[in-house]
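Notes follow once the structure below has been shown.
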């Protein structure tokens, strides 16, 4: 389907965790705003959060067989080729039935079959579907490395992702985050959680199943935080429980399993202590919240890399998980939350490091690519290739739903 007057068909592949689903839905929303009438279809699996989130947002969801990629030699690795072929065939059928004009992938085990199905001849497909790859993390995953090889456009959240030809555009975020006015919503937000309306307040959250070290350190610091006049909103994870001791007469310590309205949580907070998954860093910086980032100590240090642009800009602090303790929390957060001028400066720095318009930028690329136009050319002059500068904007400025973030320690 070509031509600007034709109804476009866009397939987005971003299932599994919130780090894949939320950016996909943010772009879906932005495409629908930019080109009303566009048919947006979401690819997912029955195992992922997309089975709940996608229908809630009003988009059709097509399920494909999941293809998790084993990281070590195992029986699953031997079964991988057959599973992948099955998933690619199913995905090709979806692309054909949708008459897809473009596939937009966000990594993970849903994106890989989509990238392969878009190539002609691989599973009997006769036409090539244009592909756009978006990498949210500072270090690209395997699926996006494969997809980038034949992609029409390669987009990344931050410089240095390891993907060739990557254009740095930030992470697409939903309007509830990018349009958030924390000051205007503060009183309502605090009332909704039962927080003290005036006390400096820290928001604590980790992954959907909970971040044990964060939970332990902050709950052990609860009495001293309360004694220091600091309120706490703590999302500890639905499978966890916490025991909290509060100083008599001190501000409330509100512990909840899960936060559905993260916009209200951000509006209620003066600072955050959290992991450093790509979506977390993107949202926290976009709303201008100073943060103490405690990267998940797994993988190749991707989470630390995610947080570095914001930390280096002055909008956040970094602490290793091995250094995390109740005393460390008190030493970092109490002086910050008592210093309004420092909070304000860090808030400004965090906001400057965020990209609030990433979803709209990507939507323009998607629509132009789907139309077969100028290869997704963006007229603003502010989307730069990885490592470049255009229009005077530094590409090193990184950007960045309920949460306990939907994905283990994201």
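Just so it is clear, glycine is given a Cβ too, placed from its N, Cα and C backbone atoms.
Feature list (source: TrEMBL):
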DOMAIN    10-155  domain 'Glycosyltransferase family 28 N-terminal'
BINDING   17, 18, 19, 137, 174, 208, 259, 303  UDP-N-acetyl-alpha-D-glucosamine binding site
DOMAIN    201-361  domain 'Glycosyl transferase family 28 C-terminal'
REGION    373-410  region 'Disordered'
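Candidate binding-site residues: 17, 137. Fewest other C-beta atoms within 10 angstroms, 17. Annotation for residue 303 (UDP-N-acetyl-alpha-D-glucosamine binding site): spatial neighbours 275, 276, 277, 293, 295, 296, criterion Cβ-Cβ under 8 Å with sequence separation of six or more. Reduced to three states, the DSSP call for residue 259 (UDP-N-acetyl-alpha-D-glucosamine binding site) is strand. Taken residue by residue, the domain 'Glycosyltransferase family 28 N-terminal' (10-155) breaks down under DSSP into 63 helix, 25 strand, 58 coil. Taking each Cβ in turn and tallying the other Cβ atoms within 10 Å, the top scorer among the binding-site residues 18, 259 is 18. According to DSSP, residue 303 (UDP-N-acetyl-alpha-D-glucosamine binding site) sits within a helical segment.
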